[in-house]
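TrEMBL annotations:
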- S355: active site, nucleophile (ACT_SITE)
- H133, H242, E543, Y584: Zn(2+) binding site (BINDING)
- 42-613: domain 'Neutral/alkaline non-lysosomal ceramidase N-terminal' (DOMAIN)
- 615-777: domain 'Neutral/alkaline non-lysosomal ceramidase C-terminal' (DOMAIN)
Amino acid sequence: MGFSSLSHLNGWWACTALRVLTLIALLLVMKSDIVVYSDSDYLIGLGSYDITGPAADVNMEGYSNMDQVASGIHFRLRARAFIVAEPNGKRVAFVNLDACMASQLVKIKVIERLNARYGDLYTEKNVAISGIHTHAGPGGYLQYVVYLVTSLGFVRQSFDVIVDGIEKSIIQAHENLRPGSIFVNKGELLDAGANRSPSAYLNNPAAERSKYKYNVDKEMTLLKFVDDQWGPVGSFNWFATHGTSMSRTNLLISGDNKGAAARFMEDWFEHQSSGRKATVGFEDDGHPRRISNIIPSPHDNHHELLELAASFQSPPGRPAIRASSVARRVRGALWQVDKPRFVSAFCQSNCGDVSPNVLGAFCIDTGLRCDFNHSTCGGKNELCYGRGPGYPDEFESTRIIGERQFRKAVDLFNGASEQIKGKIDFRHAFLDFSQLEVTINKGGTSETVKTCPAAMGFAFAAGTTDGPGAFDFKQGDDKGNPFWKLVRNLLKTPTSEQVKCQQPKPILLDTGEMKMPYDWAPSVLPIQIFRIGQFVILSVPAEFTTMAGRRLRDAVRTVLSNSKDFGANIHVVIAGLTNTYSQYVTTFEEYQAQRYEGASTLYGPHTLSAYIQEFQKLANALLRGQPVEPGPQPPNLLEKQISLLPPVVVDGTPLGVNFGDVITDIPKNSTFRRGEMVSVKFWSACPRNDLMTEGTFALVEVLQDKDNWVPAYDDDDFCLRFKWSRPSRFSLRSEATIEWRIPQSASLGVYRIRHFGASKSLLGSIRHFTGSSSAFVLAA
């Protein structure tokens, strides 16, 4: 029926027809795949909140490199959450953190807060908190000694911002709960991960290896969340690759490749929903097309633009209010208050032996391939490094691996048509992995074995090709050496029973039996299973290798597929590094090779068998609707934590200089072009004074008309870097350098760089400030 015929209908029918046509138009704009979103069985809600920790003085979690101390921001970190609930029934909440791993202590505190707010609606049983495993986030938020050594103990600021962000993301998701549907899709992503311990993988039985085409998992599985009113509101996917595109020498806070992928996809969707061309891709310089480019070129007269820019010279730094940093934030200004924001999370899976450095491992002295079995160069592990696809530029490698995951996620998102249907349920148990009895099949007969108290082998200290260790350690060491055993014994000599239990691992640190000043490693671990219809999430508190993850998934899938309630159509994913952290899990055969992953499998050679046994119990309980024993509670060690990180005492500037004053400005009458770098240096103060949560330290503004500066890019953008430094370690003075690599998509016009910060006085008061560079021209 044409629009001209509407006049012949009565008012009610005309209004109804217009509404239908409008709805169809919205569907065509918002969705490239035409799927009828109806028949929703669930309430769905998503949320997201800033968890960027201290960008100064705090050691980064992951590489255990004492020299890797945060000194700025590449882009911000976030907690992203989804809640799925049956109306008047059960619910589950899953949180994905741009952090190295989850923390038992963090989860304890989050659950305490949720209990105070919602009663028993959200508990340790139906809330999962998972880390993406970036190695570029501030440490100090776990509770066991071995994970706090390089951060100089517990860092309360790191801990608090993560707890706050998780709580707020769940609150957002809870408040956004509305009728909606969930769709699932999966597909292969071939070029975003490579096995970094192929010699250990080859230890697995040939018959088992022959079932798989690759020596790492290449499958990405994605959930698409669709609100009945608003359409798509988010997606979460699971794919295995390490967060080690950024190297052990990087000093900027970064979500690494998975954090980048999440940024790219959220920006892509906002770009799409804004009515602009919904292109999946990047400009020639590799930076994502951004919706923040909202200001069209005012004109193409270069001389006129130079005159306009010249009228905006750098002013002195001035006081500001904290809210100004939040108010100028690019993404915050674009979110619609009455519509749920789109949330996209790239979750971690069984990444234990999977590296994003897909070009392979090479010797930095000769350029030759590293030794296959030991990952050494002339016997030295510290010369063997993996190369990412952007080598030698780690930022480029991060972008490329992030982009590859993003592209696949968009493809799966657009093609998702299998609707999730069925019950929501969950099971959770705590287990003492230091002494768990496990029944294994050995030569056709059953045998009972035990796991061991935690211990780390010599090859742990060798590191990996993503981040080599030091001294004379090497991967594949099943003997150890007398000198380091002597050093070990000064801390704790393992018992003969422990040595036998952990064989063939030579014990370097007997962490499970070290209790001073408090526990060095966890003994009690959580395992958890979520069911959302035919979709199952296995939450594991460790990094499972490829084959270990395959065995666990297959074991659970076998249990569930025997039920008519599931049938053959089951999607099982592993959520790695979830709820707490206990390092690695290899297969029994990989453990014998004692590469880094085997040496870091804390509880001995039968660790994987223990997980499989206990997850099968959870799966059977889930099918039968039976409860499970909660198990022993893990310790809450918050009151025992020790922090050796000195506080910020006072910030200073030279006499006559304001915080926010420009040190190195943009030269007058400067013209830049896309792809070039703009750099400005300001007098600053320690970023620990205010984390600028949901705000920004760095900002690029573009001139609209002749006197209105509009935010274009901030420190949550891949192309803008905030770098902080002191002239010397104990100096009261500090500097902030802001670098903007101009994207190909940036609009022509007049720009300036701004810095926001907060200084601390001798009396302890915090004073916010801001500074601006001189203006410059971006020309064709």
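A Cβ is built for glycine as well, from the same backbone N, Cα and C atoms used for every other residue.
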Checklist entry - When you measure from the Cβ of E543 (Zn(2+) binding site), how many other Cβ atoms are you left with inside 10 Å? => result 29
Item to check | binding-site residues (H133, H242), the one with most neighbouring Cβ atoms at 10 Å | outcome: H242
Next on the checklist: Tell me the Cα distance separating S355 (active site, nucleophile) from H133 (Zn(2+) binding site), rounded to the nearest angstrom.
Outcome noted: 12
Checklist entry - Including all protein chains displayed, how many Cβ atoms other than that of Y584 (Zn(2+) binding site) lie within 10 Å of its Cβ? => result 24
Item to check | Inter-residue C-alpha distance, E543 (Zn(2+) binding site) and the residue listed as 'active site, nucleophile' (nearest angstrom) | outcome: 12
Checklist entry - So which other residues, same chain and not among H133, H242, E543, Y584, have a Cβ within 8 Å of the centroid of the Cβ atoms at the Zn(2+) site? => result Q348, C351, G352, V354, G576, L577
Item to check | Cα distance (Å, whole number) from H242 (Zn(2+) binding site) to the residue listed as 'active site, nucleophile' | outcome: 5
Item to check | Other CB atoms, at most 10 A from the CB of S355 (active site, nucleophile) | outcome: 26
